[in-house]
């Protein structure tokens, strides 16, 4: 991609000339250690699902160098995480351990670390891994060497500047978007997780350089935000779109609202790059979800965004029925590559997880769809009306300060910092999910219908925030209007070759 055209946003409309079979240059970030992290017994968040996804990719032959570049990410450093997160929060994550946590009760409460977001062995390394992968993927796109970058371990959209939330500790999405803003005047963020992408929305609520669009379950459901009336604030007014949905939405209903809205967004906003959070808890049968999307229906969103031929970052997110998550992200990797994968799963290390059907496809169920055509049409018209109030993208003046995203200064005893941001790195973070019906906690609602009190629904996490209340801490103080094209060299470790993956399941195939 020619940097001189970065602000133009590429194609604004899906192109018939960019057929699904047309090849894209794809890079995929993966750290063999990511599947070893463990949130604890009974916790629904399982990083192991990323390892299962990787095994499927290996046995389908998608890790071959001829298919895509496979990269091992470099870990994000403190200074990298502090481009968005507060210094004291990052210092806490770095220092806390399962053994010392009970000596830091006040800090645990202050940073919302505990039940949903527990302290576990290797917590900080886990955050460094998935955040480093997402930032590295963004750098790869900025360099123009790849059209699509993938990090299935990322997509942790609930984390705030100084607070963990919904299984998320570090917001790798915000960090990746800040990296993309070095080159692109406008970045579009789309979230198809069943939970509202509150952390990303809050970070960019007052700027027009990032548009956020979230399709999510709304109501008495974690995190309790994402009202259609929340549209952004100040310079960011109308650059935040929320699409509230009800239980049981199926493929046809979902696409009837996703495609018209996103088509109009692409036409009006003309982003230079797109970040698509592919949370798999919107699939039918998810442990914590209540939607009824099939694997193909979920992947249709990826296919549609691919058709615009704009630099695309694919991230993971929620997903708690792990056999479905692995199949979904494997299938969507095939979509990114323009590869048709056979339905019958190849034999692999986790084959028994996928019985009795042993099919790549996640099927929808016969659950009731509570989204009527009338309701969906009203939502669509409301969103399109808000889009009509936007200035046309080419004439937008970006005068507010944008988050500072300069490459970190080198340490005398460290490797070249440019290498730390190389798109060749590959680690992803993936987390967040509401459970049950509480707008405050995901964990409390697994198998338990918990009554929500009036107080709970009106606190920081549970209330329906309107534009009058929702003026988040702007990413703000570090915002600057100048763009900087990253100069990092591609020095992350490529791990296409089977022997380089540290005996990771599937990597030797």
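Cβ coordinates are placed from backbone N, Cα and C, and glycine is handled just like the others.
Just so it is clear, the model here is predicted, and its values are computed rather than measured.
Annotated region 'Histone deacetylase' per Swiss-Prot: 24-338, in sequence order, evidence recorded as a curator's inference.
Just so you know, the Cβ of residue 158 (active site, proton donor/acceptor) picks up 34 other Cβ atoms within 10 Å once every protein chain is counted. Sequence annotations record features per position, and here Swiss-Prot assigns active site, proton donor/acceptor to 158 based on similarity to another entry.
The local packing around residue 281 (Zn(2+) binding site), expressed as other Cβ atoms within 10 Å of its Cβ over all shown chains, amounts to 27. In this structure, residue 281 (Zn(2+) binding site) is part of a helix by DSSP. Residues or ranges marked as Zn(2+) binding site by Swiss-Prot on the basis of similarity to another entry: 193, 195, 281.
Residues or ranges marked as region 'Disordered' by Swiss-Prot: 394-509.
Taken from Swiss-Prot, the feature compositional bias 'Basic and acidic residues' covers 398-409 (among others).
Summarising the annotation, Swiss-Prot assigns compositional bias 'Basic and acidic residues' to 418-434 (among others).
Residues annotated as compositional bias 'Basic and acidic residues' in Swiss-Prot: 448-472 (among others).
Under the heading compositional bias 'Polar residues', Swiss-Prot lists 481-494.
Residue 195 (Zn(2+) binding site): 31 other CB atoms within 10 A of its CB, across all protein chains. For the recorded site, residue 158 (active site, proton donor/acceptor), the DSSP three-state label reads coil. Note: the CA-CA distance between residue 158 (active site, proton donor/acceptor) and residue 195 (Zn(2+) binding site) rounds to 9 Å. DSSP classifies residue 193 (Zn(2+) binding site) as coil under the three-state reduction.
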